[in-house]
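S.K.: Below is one structure. I have some questions about it.
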Amino acid sequence: MLPLWLVLAGLLLAVGPAASHRGEMEPDSLASGDDDEDSDGDGPHGDRSEEPVYMHRAPYWTHPHRMDKKLYAVPAGNTVKFRCPASGSPSPSIRWFKNGREFRGEHRIGGIRLRHQHWSLVMESVVPSDRGNYTCLVENRFGRIRYSYLLDVLERSPHRPILQAGLPANTTALVGSDVEFFCKVYSDAQPHLQWLKHIEVNGSSYGPDGVPYVQVLKTADINSSEVEVLYLRNVTMEDAGEYTCLAGNSIGLSYQSAWLTVLPEEELVHEAETSEAKYTDIIIYTSGSLAVAMALIIVVLCRMQTQSSKQPLEPMAVHKLSKFPLIRQFSLDSSSSGKSSTSLMRVTRLSSSCAPMLAGVVEMDLPLDSKWEFPREKLVLGKPLGEGCFGQVVRAEAYGIDRQWPDRAVTVAVKMLKDNATDKDLADLISEMEMMKLMDKHKNIINLLGVCTQDGPLYVIVEFAAKGNLREYLRARRPPTPDYTFDITELHEEQLCFKDLVSCVYQVARGMEYLESRRCIHRDLAARNVLVTAENVMKIADFGLARDVHDIDYYKKTSNGRLPVKWMAPEALFDRVYTHQSDVWSFGILMWEIFTLGGSPYPGIPVEELFKLLKEGHRMDCPSNCTHELYMLMRECWHAVPLQRPTFKQLVEGLDKILAAISEEYLDLSMPFEQYSPSCEDTTSTCSSDDSVFTHDPMPLAPCLFSCPSGRT
């Protein structure tokens, strides 16, 4: 048996060199106390206990499966972290490159965080300028490896908080039970949330100013999911009522409400039994009614079939022209072969002593509408005012169209077909006429005054706007530049102030609010389709070309006609779906036109690039003359989610407050002025989307403003 001291000496000799060797190759790794998610063994020596010990080794990736994602597409404002966990012997170093150049903290506003012990690069609050190719280079004296990431930063539109639809939801509960209301909030800026309960004070739910009385139940910044839930324990009858989730950030407020109904247990059971009995009765009565209705329909159809086999088809007397089918396309060279189809109206060739023959058009024998019919002989046509896709507009004098003054001539505008019009063009003009008949008089739309449908070509008589369309009205009142000048004697009379521009926006919003109330989608709202009267009243035109949507809330355009691309909402542009919300988007573009005095939207951007930018969330910048409040209104109109855009009613209310608060400031027409890109002229026809604005012209600028002189009213 060996002495104890000899055994211990042998152990020391065996263990000592190995321990000493390990101490040279594995220095202690640095701790990371400020990034818990990185403390997972990704440090330069975090996994050393699981790997064999090498005296010398080139760098290698320790967690390659965590580096599969090469492309990072993140919204602006987020934090981005790139990681290249590696190891080697001796311990390698890591450097970062952006687009081929070494990347340091001073190269970026806001700086960067390089965590060498965790092989990571961290960038907080990324912005579009951070886009690029990021490469990590890991090396020691035995070799080097590299890996690249591609970062794309998507711009976000600043917006008020978005609340998830349907939350909070109406709830019915028993006395003594527990209730939870949920409210999901989406917001880029730090949101604040309050849960409110609506209460009564002195028997009234609203104060003298129309603001409801509420009790604040819960309020906090949203830092956890707990804040988005309202818990009501052991509810009583007094807890019944309306509850509101109110969320706000630096941009604005959003809220949604729900009702809590509290019932005694016996009442709930009774209601369930009563409801079941009612449903049974409804099913019985409905089934019987359907059986009787089906029998009647079968009898009527059989009788109609019998009569149609014995009698020739007679022309139908229908009041609404939209009930008539479209007549087939007519050609001068067509023969009367079996290709013709039966029409529900008498078809004749258009011929009139006061108008040339229209090529390729047959005339519909339209029924007389005594409410709107105007004697053709009392209409004196004048000079042309312009033309559109299928018709032309001429100035005219209508004698006696104002029934209060039967002998007085009123200046009007008359819509008629062009010489090269087709059957479809005639049907479109009739459709526009019928749409306008459905509208009541409104100050901010072009109103129908009369029609001429008998003994000649179709004339649609509408209000006359002396100052033309809004786009040209604004451009004619721009400050002079070397490339864009006008008569200096007109400056004082035509001088615009900031309040005038807001008034233009407000009036158009009022007109669209009315059209929205009549379930009319415009589909082509732009400054070129807003007319200006001699009294500077804004009137929306060409809404008759819109589709009436009584049954559905959207209209899908299926034809491949040319479209006003720059004014179209993304859902209309990419999916061809038109709603009142897509009109709101176009209204935002129109606002931009107004505050740039008729500038062309997205100047210098090709169509293909515009599609890409819209999908990425890019929006036009704020015009110089536009306040932040008005620009945020534009941005709300350009919200990517249609239902998150304001309604025209909300726009009118907001603009009314802005208009009442602002002072009148004139455009400074005496100072040097940068051009608005007058070379970026749009086509005069609303049919064309092939617009020269998509050439690379300079960005339009806006004029300076100065306080209006005293005496301005």
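Just so it is clear, glycine is given a Cβ too, placed from its N, Cα and C backbone atoms.
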S.K.: Which of these links to CYS136 by a disulfide bond in Swiss-Prot: CYS84, CYS245?
M.R.: CYS84
S.K.: Tell me which of CYS183, CYS354 Swiss-Prot records as disulfide-bonded to CYS245.
M.R.: CYS183
S.K.: For the set ASN223, ASN420, say which residue Swiss-Prot annotates with N-linked glycosylation site.
M.R.: ASN223
S.K.: What mean pLDDT score does the domain 'Ig-like C2-type 2' (161-261) have in the model?
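M.R.: Across the domain 'Ig-like C2-type 2' (161-261), the average pLDDT comes out at 84.
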S.K.: Let's see if you can do this one: DSSP helix, strand and coil counts over the domain 'Ig-like C2-type 1' (59-152), in that order.
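M.R.: For the domain 'Ig-like C2-type 1' (59-152), the helix, strand and coil counts are 13 helix, 50 strand, 31 coil.
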S.K.: Which state, by DSSP, holds VAL393 (ATP binding site): helix, strand or coil?
M.R.: strand
S.K.: Counting across all protein chains present, how many other Cβ atoms fall within 10 Å of the Cβ of VAL393 (ATP binding site)?
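M.R.: A 10 Å sphere around the Cβ of VAL393 (ATP binding site) contains 18 other Cβ atoms.
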S.K.: Using DSSP, tally how many residues of the domain 'Ig-like C2-type 2' (161-261) sit in helix, strand and coil.
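M.R.: Split into helix, strand and coil, the domain 'Ig-like C2-type 2' (161-261) gives 7 helix, 52 strand, 42 coil.
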